[in-house]
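Here is what TrEMBL says about this protein:
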type: BINDING; residues: 67, 111, 112, 113, 114; note: phosphate binding site
type: BINDING; residues: 190, 192; note: substrate binding site
type: DOMAIN; residues: 26-277; note: domain 'Nucleoside phosphorylase'
Ligand SMILES: O=P(O)(O)O[C@@H]1C[C@H](O)[C@@H](CO)O1
Ligand SMILES: O=c1cc[nH]c(=O)[nH]1
């Protein structure tokens with residue numbers, strides 16, 4: 001192609017200097033809502049001590065797409081993906097191409113989301129080991145040219161361990177790992193009885209939730225299957241970290257007050273911020289207090305940091 005128009009991002013390889021705009025990106029963080037991803041951008045900016053040019057503020061790079069919101073904070077992109085597999089799938093196609101046009105090597109993708117827990121109370125952070133569909137298959141099924149194809153929905157196991165290793169024992173909530181079930185619907189697809197239709201019984205629902213739980217499923221959401229499958233297909237390291245909003249073994253409705261839900265949504269953010277900050281510190285791109293540059297590190301500390309950073313390649 002002469003030029004590639006990334007239609008849903010309002011960016012293009014002909015109209016924008018994508019290397020100049022995005023060439024320094026290392027981490028791409030995704031989450032459902034524009035507000036969460038704007039807040040994430042502000043949080044990571046404070047955490048890594050990133051300074052915007054004098055007199056400027058954070059801008060939504062895709063504001064005229066009216067589809068997705070995108071913020072850039074130094075090496076971190078923060079993008080909203082909307083709800084469900086089709087929405088995150090379209091976005092992933094365009095962001096993967098964006099990384100290619102910008103000549104970004106080895107980016108790491110994170111989904112920071114919300115979910116229903118299975119056997120875990122609200123506020124628990126879940127790091128996905130792999131994604132499965134509603135029938136417990138570890139593949140994303142797509143119809144391409146009228147044929148059904150399957151793509152493995154694999155996530156990076158080492159990244160899961162690294163993230164789990166960053167859990168702070170002082171925090172008043174658990175950080176667990178397990179299989180994540182990804183469905184095409186919030187209501188019937190997740191075995192809820194509080195949708196507009198319910199053609200099954202409470203006993204049917206409990207039998208299903210207990211069966212998937214026995215199979216290792218610890219949470220349910222709506223994007224991980226596409227996220228895992230498309231990043232794996234592209235050879236991109238990725239992780240999915242979600243907070244539970246309720247325990248589905250105890251009910252269907254999200255009953256916690258808004259302020260509580262808002263605080264819970266900060267939890268996956270904190271873990272991802274810790275990972276990014278640590279990576280940048282180990283690579284010598286920020287000093288250990290989160291501010292300044294490698295110039296403020298002593299040569300001995302810089303050497304130690306460089307050695308440790310090899311584990312983060
Ligand atoms: O990242 P979010 O909070 O959007 O993830 C889950 C899955 C669906 O998109 C949505 C349903 O409420 O929340
Ligand atoms: O139960 C839930 C809660 C959040 N998101 C989901 O997809 N399901």
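Each residue, glycine too, has its Cβ placed from N, Cα and C.
From a predicted model like this one, the values you see are computed outputs, not experimental measurements.
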Measuring Cβ to any atom of ligand 1 with a strict under-6 Å cutoff, which of the binding-site residues 67, 111, 113, 114, 190, 192 qualify?
113, 114
Highest Cβ count within 10 Å among the binding-site residues 114, 190: which residue is it?
190
Do you know offhand how many angstrom separate residue 114 (phosphate binding site) and residue 192 (substrate binding site) by C-alpha?
16
Taking residues 67, 111, 112, 113, 114, which bind phosphate in the record, the widest Cα spacing (Å, whole number):
20
Taking only the binding-site residues 113, 114, 192, which have a CB closer than 6 angstroms to any atom that belongs to ligand 2?
114
For residue 112 (phosphate binding site) and residue 190 (substrate binding site), what Cα-Cα distance in Å is obtained after rounding to a whole number?
20
If you skip the near sequence neighbours and keep only those at least six away, which residues in the chain come within under 8 angstroms of residue 192 (substrate binding site), Cβ to Cβ?
186, 198, 205, 252
Considering Cα atoms only, can you say which of 67, 111, 113 is the nearest neighbour of residue 190 (substrate binding site) among these binding-site residues?
113
Please identify, from the binding-site residues 67, 111, the residue with the sparsest Cβ neighbourhood, meaning fewest other Cβ atoms within 10 angstroms.
67
